[in-house]
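Peer 1: Submitted below is the structure of interest, expressed as C-alpha cells.
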Amino acid sequence: MTKKLTLKRKGKEPEPTNEVAASSEASDNEEEEDLLQAVKDPGEDTTDDEGIDQEYQSDSSEDLEFESDEEGNYLGRKKGDGSSEEEDDDGDEEGEEEDEEEDDSEDGESADDGDEEKPTTSKQNKSEDEPSSSKVSKKTQPPTKDLVKRDPSHPEYHDSDTSDEEDIRNTVGNIPMHWYDEYKHIGYDWDAKKIVKPPQGDQIDEFLRKIEDPNFWRTVKDPQTGQEVLITDEDIALIKRIISGRIPNKDHNEYEPWVEWFTSEVEKMPIKNVPDHKRSFLPSVSEKKRVGRMVHALKMGWMKTTEEVEREKQAKRGPKFYMLWETDTSREHMRRIHDPVSAPKRDLPGHAESYNPPPEYLFDERETKEWLKLKDEPHKRKLHFMPQKFTSLRAVPAYSRYLRERFLRCLDLYLCPRAKRVKLNIDAEYLIPKLPSPRDLQPFPTIESLVYRGHTDLVRSVSVEPKGEYIVSGSDDKTVKIWEIATGRCIRTIETEDVVRCVAWCPNAKLSIIAVATGNRLLLINPKVGDKVLVKKTDDLLAEEPSSDVIESERIKAAVQWATAEPAEQEKGVRVVINHFKPIRQVTWHGRGDYLATVMPEGANRSALIHQLSKRRSQIPFSKSKGLIQCVLFHPVKPCFFVATQHNIRIYDLVKQELVKKLLTNSKWISGMSIHPKGDNLLVSTYDKKMLWFDLDLSTKPYQTMRLHRNAVRSVAFHLRYPLFASGSDDQAVIVSHGMVYNDLLQNPLIVPLKKLQTHEKREDFGVLDVNWHPIQPWIFSTGADCTIRLYT
C-alpha cells in the first residue's frame, strides 16, 4: 500500500494593474506570510549560515504527490491526476523551458511593480491592521530582500569550480553504479530513503520508442538515478564542437588580433638618453682598497695562488689506484664499472690432489686408458690431472703445467664476460618429455633366441629373404652362407675369391636372387632354396641374355663389364658376374627388384653405379665427385636416389636428373643409413656415436639426434611393418627403439628407446657390424666380430 503526501503550491496570478497594485500586493504579502508561518515552526530561524533570509517560492500551482512503499522508500512523484512523474516529465519536457522563461519574466515584472507602489501600500496596511496583534507581529519582521533575477543563458556556477551546490538527488557519492546491479534500489535520497530503480522495458519497448519518440536519439540515461534525461540543444552543440576538434566555448575567439606590447621595429631614438655619470669612467676606490688587501695577503702568505690550491687538492686526493679484487667484507664500486661481478674462485684441492692420496684415488690401468683417450676432449674428464703418489713432500717435483694453468686462468678472468643471472627453479622432471611406457609399445625383441655359428672370421653383412624363411650372411672368411631361420641350420655355403663385404637378397618375392659384393666383383647367385618353381624361373631369367641396341660409352665399359659365370661357379649357384674397376663396399636393391646400385669409395666420380638386371646394362649417374661416397639408397616410393658422403647426404631426382635436397648431418663420418617404408623419414648412423633422425618434409637438419651408444654406430635399420628401428655399435650392443610416424603432418614422430640387447663379444675393438629386421615378425638379426649371427625375438 502506498502513501500519498499532497503539498499545494501557490501559483502566480495575473499581473495587477496600476489602480489596484497596492491592494493586490498587500493581499499577496499576507497570503505568503500565512503560508510560510504554516510551514515553519514557531521561532524557527529562516536564515542560512551567512545570515541571509531564505525564501521558498514555488513555480507551479499544481499539487505534488509522492509515492512510497510500506517501508517508506521513495518510489516516484505523481501529479494530481494520478499519473507518475515519469509520464508527466516525458510529455512536458519540451514545454518546461518555455514555461520557466515566461514565469521568470512575469516574476520580474510583478516585482518591479511592487517596488514602485511599496510606500503607499505599506502605509495603508499599517493603518488598517493596527488592531490585529498577529499582523503587527508580522510587520515587525525584517523585510525580505528581493531575489535577483539570473540570466538563464549563464549557469549559476558558470565561473566557479565548486560542485557543493549541485542538484544531487542520489547521495551515494562518486562510486561505480554497477555495485547496485543486484539490488532493487539505486541509492538513497536526502532523507536516507532508498531510491527504487525505474521500471526497465524490454527490447520491444525500446524498439517502439525508437520509432515513435522523435527525441529518442537525444535521450540519455542518468547513471545516478536511472532516469532518462533529454539533452538540450546547447549540449548537442557543445558535443558537436568537441567532436570536430574545436574549442567548446563558442564565444571564444581564437583568432583575436595580436597586440604588440613591444614593437618589433628598431626605434631610432633610445628609450632613455641620460649622459653617463662621472663615476662610470673613474677608477673605483673600493676596488682599489680590495686589491691592496689582496696584495698584502699574498706578501704575508695568507692567500695562495690557484696553482698552489690545486697542488694541495691533488696531495689530499692521493694516488689514483684501486683494488683489482674486492675484499670479503666490503663491496667496492670501481670507476666506470657499475656493480661488477666478482670472478669465480678456484675449487679447493681435494684428496686426489694430495702428494700422498689414498689408494682408492689413484687410477688403475682402465681409468688411465680412458683418461688418455679423452685427450681431444679434455672437458669430459672427471679430473684435469692424473693423481700421483709420493713418499714425502720433498720428493714432489715442480708442477709442469703451473704456468699454463695460470695463463688460462688469467685469460678466463679478462676475456670471459661475467653476468648475473636469475636462477630458475624448474623441476627436472618437467623438462623430461612424457614418453609412453615400453610395456605399452610391445611387441619388440627382448631376448636372444638363436645363435648361428659357422663363420671363422668377421661377419660383415646379413640379409633376409622376402618371405622370412632364410637368411644369407657374408664374412671375411670368403664364404657366403645361407641359413634356415627356424632351425639355425646352414643349408648352403658358397666360397668366393675375396672377402665378402656385403650381401643383399632381392626384395622381389617372385625372384630368388642374392647380390654378393666380393672384391671387385658383384655376383648374382641363385641360392636354390625354397620353391622349386621359383628357382627354375630365376635360372631361366638369368640365362637369357637380352639383345642390346644401345652402344655403351667407353667410360662405362672401363668401369663395369657384365659376364656370365663360369661352369665351376655355375655349380655353386652363381649366374651373372659384374666386374668393377674398384673394390665394392656396398650393394643395395630397388624396391621392385630390377635395379641395384653399388658403391666403390675409391672410384672418384664413378663411385656409384646403377645396374639394370633385365637389360644387363649399367649407368654412371654422376659426372663429378661431390665427396667420398660411403653408401647409397633407393627411395621406396619416389624415383629418388640417396647418396651419403662423409659429412652430407644428397637426394637426387632420377627422372629430372637434378639435386632435390641436401641434408646436413653435422657429423664427422657417416657409416650407414636406412629409410622409413613410407619414405618421409631417414635414419643415419655415424662413427662419432650418433644416430640422426631426419624428417624430409620438415627440414634439412636432423629432427632428433640420439646418443645411445658409447662407441661408433655401424648400422641402422627400419622395420617394414612395425614402428621399430634398431642400431648396432662397436660397444657390442643392439638398441631397439620405437619410432612411430603419424599420417598427420602436424604431429611429430614419436621416438622411444625400448631395449638394449648386448650379447656379442668384442674382438679387436669391433662389436656389432650389421643389423637387419625380419620382414614379417618383430625379430632382428645382428652380425658381429665374434663370427656369429644372433637372432633376438
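Heads up, the Cβ atoms here are built off N, Cα and C, so glycines get one too.
From Swiss-Prot, for reference:
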REGION    1-168  region 'Disordered'
COMPBIAS  1-11  compositional bias 'Basic residues'
COMPBIAS  44-53  compositional bias 'Acidic residues'
COMPBIAS  60-72  compositional bias 'Acidic residues'
COMPBIAS  83-116  compositional bias 'Acidic residues'
COMPBIAS  117-129  compositional bias 'Basic and acidic residues'
COMPBIAS  133-143  compositional bias 'Polar residues'
COMPBIAS  146-161  compositional bias 'Basic and acidic residues'
REPEAT    454-495  repeat 'WD 1'
REPEAT    497-535  repeat 'WD 2'
REPEAT    579-621  repeat 'WD 3'
REPEAT    624-662  repeat 'WD 4'
REPEAT    665-704  repeat 'WD 5'
REPEAT    708-747  repeat 'WD 6'
REPEAT    763-793  repeat 'WD 7'
Peer 1: Please spell out the DSSP helix, strand and coil residue counts for the repeat 'WD 5' (665-704).
Peer 2: 0 helix, 18 strand, 22 coil
Peer 1: Using a Cβ-Cβ cut-off of under 8 Å, list the residues of the same chain that are 6+ residues beyond the ends of the repeat 'WD 2' (497-535) and lie near it.
Peer 2: 460-467, 469-470, 472-476, 478-480, 482, 491, 541-542, 565, 569, 572-594, 596, 598, 611, 613
Peer 1: Looking only at residues six or more beyond either end of the repeat 'WD 4' (624-662), which have a C-beta under 8 A from one in the stretch?
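Peer 2: Sequence-distant neighbours of the repeat 'WD 4' (624-662): 585-586, 588-591, 595, 597, 599, 601, 604-605, 607-608, 610, 668-675, 677-679, 682, 684, 694, 696, 700.
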Peer 1: Who are the long-range neighbours of the repeat 'WD 7' (763-793) in its own chain, taking Cβ under 8 Å and residues 6 or more past its ends?
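Peer 2: Sequence-distant neighbours of the repeat 'WD 7' (763-793): 443-453, 455-468, 471, 473, 475, 483, 485, 488, 711, 714-722, 724, 726-734, 736, 757.
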Peer 1: Going by DSSP, how much of the repeat 'WD 7' (763-793) is helix, how much is strand and how much is coil, in residues?
Peer 2: 0 helix, 18 strand, 13 coil
Peer 1: Looking only at the repeat 'WD 3' (579-621), how are its residues distributed among DSSP helix, strand and coil?
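Peer 2: Each residue of the repeat 'WD 3' (579-621) counted once, the result is 6 helix, 19 strand, 18 coil.
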Peer 1: Over the repeat 'WD 3' (579-621), work out the mean pLDDT and round it to an integer.
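Peer 2: Mean per-residue confidence for the repeat 'WD 3' (579-621): 90 out of 100.
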Peer 1: Go ahead and report the DSSP secondary structure tallies for the repeat 'WD 6' (708-747): helix first, then strand, then coil.
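Peer 2: DSSP classes over the repeat 'WD 6' (708-747) add up to 0 helix, 19 strand, 21 coil.
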